[in-house]
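Participant: Quick one: the structure is below, questions incoming.
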Amino acid sequence: MLKLFSAFRKNKIWDFNGGIHPPEMKTQSNGTPLRQVPLAQRFVIPLKQHIGAEGELCVSVGDKVLRGQPLTRGRGKMLPVHAPTSGTVTAIAPHSTAHPSALAELSVIIDADGEDCWIPRDGWADYRTRSREELIERIHQFGVAGLGGAGFPTGVKLQGGGDKIETLIINAAECEPYITADDRLMQDCAAQVVEGIRILAHILQPREILIGIEDNKPQAISMLRAVLADSNDISLRVIPTKYPSGGAKQLTYILTGKQVPHGGRSSDIGVLMQNVGTAYAVKRAVIDGEPITERVVTLTGEAIARPGNVWARLGTPVRHLLNDAGFCPSADQMVIMGGPLMGFTLPWLDVPVVKITNCLLAPSANELGEPQEEQSCIRCSACADACPADLLPQQLYWFSKGQQHDKATTHNIADCIECGACAWVCPSNIPLVQYFRQEKAEIAAIRQEEKRAAEAKARFEARQARLEREKAARLERHKSAAVQPAAKDKDAIAAALARVKEKQAQATQPIVIKAGERPDNSAIIAAREARKAQARAKQAELQQTNDAATVADPRKTAVEAAIARAKARKLEQQQANAEPEQQVDPRKAAVEAAIARAKARKLEQQQANAKPEEQVDPRKAAVEAAIARAKARKLEQQQANAEPEEQVDPRKAAVEAAIARAKARKLEQQQANAEPEEQVDPRKAAVEAAIARAKARKLEQQQTNAEPEEQVDPRKAAVAAAIARAQAKKAAQQKVVNED
């Protein structure tokens, strides 16, 4: 009974939610054996035919290449591509590739020479003697990738599995309508497929190996059972036909009952899955030593006269394959790469066959029905019932249209396998898969931008930290340099410290007084005499500077004399043209007379104290005398022209006379108390004498021109007489000085 339950559990099949049963349409192409296609004249090999980065070019334009020769180097996750035939590299340029928009990607263009010569092939028939790492490296360098549609590098996938893989699943379901490439491969090459499975099992060492195949492939099932008749390590599981049973998560659940977690991988639950075509490519790479240069492609559709499965070289233009199969295009003919549910329409037929190309569908005008217009969602939930990933396609549709990326991510849009079951059952003809693909692309772009921003932020923070460290180190160096003096500074500091210590030692020495000895104050006396000498030198220098400032400039003296003569002429002319009725203020005249007397006394004192060796310029003296005479005449004329009726306030006159006498006495006292060594500037004295003489002449002239009826003020007459006497004394003294 226990064995019965174990056997039942061993062959148990689980079922997933959702799924659809579309028309299979497989009988068009699975009835004919695999055949070869004649070589094309030109091959276009894109450098990137897999998930990941493209490899590094190792050929140049004009190089001769052989079939199987690497065109790129595979490093890390970069998968190399190989020449599909022998020929010459004519160009390395962007070319449209297998993409819904036919995006241009860098490609190697080879013109075939028709010989189809291989590179030397080194097969490992005894692969069991090779290590796991050697086998994985060979698979990777021979360009083997997942041929079921994803294109993930097989070597990287095997390396990532490690020792935690318990179940190896070979996907032979091939659930999508029209496609029969794996079915025909298992019918014609079942033994090679099983041998490739054994190589994978040798690398992974799983606990069990399962082959999942749908029950709509009876010939393939028979061939596999015949090959596995004597094997107990590989189990063949036949599952019901249901789309999409060939999905990785769906087939894993069907065969093991385990579900891949959201955002996780099948290896997280100890399961690794490979496609039938991938197992065949592994066998050819390891045992035969042949890189992947061709694959099985289904050519089907009512627009093709000879549908079937062919060995298509990678890089062969699609047009060449269709023409070889008898392609009869209609007016609005479409060609789909892949199946009707997960494939995409080609913009033109010059795109090449790549590693993930498994079918070329050329339907007639009415084979897939007329395209219908998209309508509004009616919330019928048919898409949710058909979704094999247990998602809510109608909600994802609204989130995608509304650009609500966060909500779409929260509703697990990344788990969508883009099987097209929701779009197939939608009564509103909404292309849901297209919306989901676009939303995934936008989310991926946003995440890529966030990643770049995070990297830029990390670089900025690292730079700021580096600058802070450099600044701190620089400040520390400056601080150390300031604290630690240089060698010469150390010597100077040491010398200063030595002097200080010596002085301190001298200061602490006791003063000893001996009888009969006198103290030695010579150093102090010498220092005092030096300070006195320095002070006398500074005073002498200052005195010389002051004496130099008093030296008369002969040019300046001549200029001043000329100015005085000009002023005297101008004054005489003004006096001659003066109107007789012009009145002179007697108070102002009295003040001017007193000032003139004071100046005269001061000038006499200065001339008496002047040094006899000092010479006075006679021209300058003559100028000053003329000016004095002119001023005197002007004053006399003003007094003579004064109106007789003008009365002078005796009190004001007395005050003015008292002020004049006080100023005169003060001036005489200052002159008497002056030091005998004080020297009077002879130029200034001569100028003042000339001014006095001019005033005297001016006063005389004014008195002469006065009208006879005018009365003369006796006080003014007395002032004028005093001025005249002072001027006469001054003139006599100047004459004596000039004669000396």
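Every residue gets a Cβ built from N, Cα and C, even glycine.
Note that the coordinates shown come from a computational prediction; the quantities given were computed from them, not determined experimentally.
So Swiss-Prot lists the following for this protein:
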DOMAIN    369-397  domain '4Fe-4S ferredoxin-type 1'
BINDING   C377, C380, C383, C426  [4Fe-4S] cluster 1 binding site
BINDING   C387, C416, C419, C422  [4Fe-4S] cluster 2 binding site
DOMAIN    407-436  domain '4Fe-4S ferredoxin-type 2'
REGION    602-621  region 'Disordered'
COMPBIAS  611-621  compositional bias 'Basic and acidic residues'
REGION    660-718  region 'Disordered'
Participant: Cβ under 8 Å to the domain '4Fe-4S ferredoxin-type 1' (369-397), counting only same-chain residues 6 or more beyond its ends: which ones?
Facilitator: 16-20, 244, 247, 249-250, 408, 411-413, 415-417, 419, 421-432, 435-436, 439
Participant: Who are the chain neighbours of the domain '4Fe-4S ferredoxin-type 2' (407-436) in space, where the CB to CB distance is under 8 Å and they lie at least 6 residues beyond its ends?
Facilitator: 18-20, 22, 243-244, 247-250, 262-263, 341-342, 372-378, 380, 382-389, 391-393, 395-397, 399-401, 443
Participant: Closest of the binding-site residues to C383 ([4Fe-4S] cluster 1 binding site), Cα to Cα, picking from C416, C419, C422?
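Facilitator: Among C416, C419, C422, C422.
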Participant: Relative to the Cα of C426 ([4Fe-4S] cluster 1 binding site), which of the binding-site residues C387, C416, C419 has the closest Cα?
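Facilitator: Spatially nearest to C426 ([4Fe-4S] cluster 1 binding site) by Cα position is C387.
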Participant: I'd like the Cβ neighbour count for C377 ([4Fe-4S] cluster 1 binding site), meaning other Cβ atoms within 10 Å of its Cβ, all protein chains included.
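Facilitator: Neighbour count, Cβ to Cβ under the 10 Å cut-off: 17.
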Participant: Could you give the number of helix, strand and coil residues in the domain '4Fe-4S ferredoxin-type 1' (369-397) as assigned by DSSP?
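Facilitator: The domain '4Fe-4S ferredoxin-type 1' (369-397) comes out at 10 helix, 0 strand, 19 coil.
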Participant: Average the per-residue pLDDT over the domain '4Fe-4S ferredoxin-type 2' (407-436) and send me the rounded value.
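Facilitator: Per the prediction, mean pLDDT sits at 93 for the domain '4Fe-4S ferredoxin-type 2' (407-436).
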Participant: Can you list the residues of the same chain, besides C387, C416, C419, C422, whose Cβ falls within 8 Å of the [4Fe-4S] cluster 2 site's Cβ centroid?
Facilitator: G18, C383, A386, P388, A389, L391, P393, I417, E418, G420, A421, L432, V433, F436
Participant: Using a Cβ-Cβ cut-off under 8 angstroms and a sequence gap of six or more, which residues of the chain neighbour C387 ([4Fe-4S] cluster 2 binding site)?
Facilitator: N17, G18, P393, A421, C422
Participant: Including all protein chains displayed, how many Cβ atoms other than that of C383 ([4Fe-4S] cluster 1 binding site) lie within 10 Å of its Cβ?
Facilitator: 26
Participant: Measuring Cα to Cα, how far is C416 ([4Fe-4S] cluster 2 binding site) from C377 ([4Fe-4S] cluster 1 binding site) in Å?
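Facilitator: C416 ([4Fe-4S] cluster 2 binding site) to C377 ([4Fe-4S] cluster 1 binding site), Cα-Cα distance: 19 Å.
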Participant: Looking only at the domain '4Fe-4S ferredoxin-type 2' (407-436), how are its residues distributed among DSSP helix, strand and coil?
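Facilitator: With helix first, then strand, then coil, the domain '4Fe-4S ferredoxin-type 2' (407-436) has 17 helix, 0 strand, 13 coil.
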Participant: For C380 ([4Fe-4S] cluster 1 binding site) and C419 ([4Fe-4S] cluster 2 binding site), determine the Cα separation and express it in whole Å.
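Facilitator: About 19 Å separate the Cα atoms of these two residues.
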Participant: Other than C377, C380, C383, C426 themselves, what residues in this chain have Cβ atoms within 8 Å of the centroid of the [4Fe-4S] cluster 1 site's Cβ atoms?
Facilitator: I378, R379, S381, A382, P393, Q394, Y397, C422, V425, P427, S428, I430, L432
